[in-house]
Amino acid sequence: MYINPPVELQKKIQPLPLPFSHQNSPPPPPPPNGLLSPPLSSPHPHHSLLQTPPQTLSLVSQIRTPTPKTLTPPPHKPPKFSESRAFPDSLPLHSKNPHVVYRDIRRFARLGRLREALAILDYLEHRGVPVNATTFSALLSACSRLRTLALGRQVHVHIRINGLQSNEFLQTKLVEMYASCGAHEDAMGVLSELSPRSVFTWNALMRGGVTGGLRWGGSPLRVFAEMREAGVGANEYTFACLIKSFAGSPALAQGMKAHALLMKNGFAGAPTLLRTCLIDMYFKCGKARMAMKVFDEIPERDIVLYGAVIAGFVHNGLKREALEYLRLMVEDGVEPNSVIITSILPAIGEVSERNLGREIHGFALKKFRDYNKLVFILSGLIDMYSKCGDIVSGRRVFYGSSERNAVSWTALMSGYASNGRLDQALRSIVWMQQEGIRPDIVSIATVLPVCAQLKALKPGKEIHCFALKSWFLPNVTISTSLITTYSACGCLDYSRRVFDGMTKKNVIAWTALIDSYIKNGYPSIALDEFRSMLLTSYRPDSITITRILSACGDLGALKLGKEVHGQVLKMRLNQIPLVKAEVINLYGRCGEIEKARRVFDRVQSKGSLTCTAIIDAYRSNGRYKEALNLFEWMLSNGFIPNNFTFDVVLAVCDKAELHERAVKIFDSMVREYELKASEENYDSVIGLLTRAGRIVEAQSDTSPTLFDWINITISMEPHHDASDWARVELVSGRVSKDLIGLDEPTQVRFELQE
C-alpha cells in the first residue's frame, strides 16, 4: 500500500528546535498550535524587566571568543527540516508502506517529538490506514515519560478511532500514562472499563503514581489495599512499585510495614528486584544501616545490587563508603558498568581522589565504545577533574570529545565556576551556541549564579530573556537564581518582580528573597517578608532561620530574635552548627553576652563555627581577655580554627593593642595551620602594626610574593611626624622594587585612614 501525503502534512509536522549559532543561524521555529513566545508587550510578570530581548545571548560583544587552538571546529549542523528528510534514508513519504511509517512514528516517540508523530497519525486516519497496538504503546510510553497529558489524551482518541479501546495491554498503558501525568480521575475511569482487572493493570496504576511523584489519597498503600479488596493477588512487581513509592519520602514507617508484608507473603528470600528496591528505599529514607542489613543477607550479589548500594552511599554523602564498596565489587569479580561509573565519579571529585579518577577514566575509555554511554561518563569526568582542582584535565577531556552536547558544556561551565574562572564560565554559554548547541534549563541554572558573582546585570538580563523565549519559566530553580542575580546587582525591584511572577513558590525562593533584602541593607523588609512567609503553607528551614537571625542581629531586634530562637527549639534545629552559631551571634550583637554563653555551654557537639561565634560575641562586647581565653580553650580542645576565626582573633588583638600576640597568631595561622592568608588577614596585621608606628616591621612580616594583596595603612594621628612619613616612603619604595620583579601585573592599594 502506498500513501500519498497531502500538502498540509508538511505544515503540521514541525521539526525539533534546531541548535542555533550566535550570529548567523536562524532562531528555532515557534512551537506549533499557537504556543508562541509572547511578545514583550504582553502582561508576562517578567517582561517589564527587559527592554529589547535579544534573539540569542549577545555576550559576544563583551566577551572574547576562544581561539581555534582552544575550541575545535563545530560539527556539521543538521539540515533544515523538509518533508523528504522527515523519515529515515531521506525517502519521500509516498514510497513507504504502513509498517515503515509505524516504525517512523515509534522513532519520533522515542525522540520525544510527539507532535510530529501525532501529525502522521492524523494523516493515517485521514487516509483510513489502521495503526497497530505496538505503535500506540510507544506513544503512550513517551507521554508517560514526558508527562504530556494533552498529547496523551489525543493518543487516547486515536486508540478509540482505531477500535482498540478494549485492548487490555493498551488500557494498562493508558492507566499508567494518566497516573504519571497526575490525572487520577482519568486513570480510574479507564480502570473502571476493565473487567476483570488483572494484577498488571493495578501495577500500572501504582507505577504511574510513582513516576508522577503522587501519593494516592495521602497514602500509597491505598491503591494496594483496594487491589487486595478486589481479590487480586500481588506479585513481585506489585511490591516493587509499593516499595518505590516510599523512596525519598519521610514515610519510613510505611516502608517498614511494606517490608514486613513482603516477608509475610513469601517474597523474603527470592527476587533480587525486591531486595534492590528495599535497599534503595532505606537509603533514600536516610537509613544506611538498615539498607546494608538487607544487602548483607543476600548471598549472591550482582551488579544491580552493588549499583544500588554505591548510589545510596553517594546519595547520603558517604563518599568514602561508596569508594570502598566499589573496591569490594571489583574484588568480587563484578565489572562496573556505565551507570555505576557515572554515579561514583561525583564521589571521587568530592574526596579529591584524582588518581583513582584517572584509573576509572582509562577503564571507561577502554571498555565503552558506544558514544551514547560514553557521553555521560565524559561529563562526569569533567566534573570530577574540576572538583579535584584539575581544570586543565577537565578541559582536555571536554575538547578531546568528538561530539559535545549541552550536558558536557554544562559540566565544563560548572568546572570553570568552581575553580574561580568566572569569566570563562560566562563565555561558555556563548561558545556552546556558536558550536550549534542550545542551552537547556540546567545550563541556564548553572550560569546565572556566575552572573551573580560577577554582578553582571546586562548578561543576566539577556539570559533572563532567553529563558522566557525558551519557555523555561516559571521554573522554580531558574526563578530563584534570577532573584539572587538581580539582588547581587542591587536591583531589588527586579528580584521582587521575579518573585511575584512565580506561580509556585517554595522555601528556597522565599529564602532567596529574604536574603536579597538583608544583603542590600534592608533587614526590616526582610523581617516583613519572613512574617509573610509564615502566613503561607511554607515553613522555614535552617537556612531561612540563619538569615532571619542575622537580620535580627543587624537591627538589634532582641525580642523578635528570642521568638525565632523559640521556633528553632520547637523545630529541633538547635543542633545544626550554622543555626547554633547564628543564635550565639544574635545574643552577642544585642549585648546579651551571658545568654550567648549559656547557649554555647548547652551545645552538645561544639565545633569551629560555634567557638568562633562566642569569641566574636565577647569581642563585640569589649571583653577581649575572655575572647582570647576562649581561643586558647578552642585550640587546647582540638578544634581547628579557620580563616574567619583568625579574622576575629586578630580583630581582638587590634582592639586590645596586643601587637606581639597578633604577629604570633598570624604566624601560626600561616605556618602551623597552613591556611592561605586572605586580603583581610593581611589588612588586619599590617593595619595593627602601622597604627602602632611599626611600619618597617609591618613590611617585613609579609612576603614579597604576596604584595598584590597588601594594603599599607597608616593612622593619621597628631604624633605621626616626618619620620613616620619617611618610613612610609621607605616601605612604598621597597614594594615598588618588589613589584617590578613580578612577572604578572599586580594591584597594590595604599590607603590613608583619617
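Glycine is no exception: its Cβ is also placed from the backbone N, Cα and C atoms.
What TrEMBL says about this protein:
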type: REGION; residues: 13-52; note: region 'Disordered'
type: REGION; residues: 65-90; note: region 'Disordered'
type: REPEAT; residues: 302-336; note: repeat 'PPR'
type: REPEAT; residues: 405-439; note: repeat 'PPR'
type: REPEAT; residues: 506-540; note: repeat 'PPR'
type: REPEAT; residues: 607-641; note: repeat 'PPR'
When you scan the chain for residues with a C-beta under 8 Å from the repeat 'PPR' (302-336), skipping those not six or more beyond its ends, what do you find?
272, 275-276, 279-280, 282-284, 286, 288, 291-292, 295, 343-344, 346-348, 350-351, 353, 356, 363, 367
What is the number of residues in the repeat 'PPR' (302-336) that are helix, strand and coil, as DSSP sees it?
26 helix, 0 strand, 9 coil
Using DSSP, how many residues of the repeat 'PPR' (405-439) fall into helix, strand and coil, respectively?
26 helix, 0 strand, 9 coil
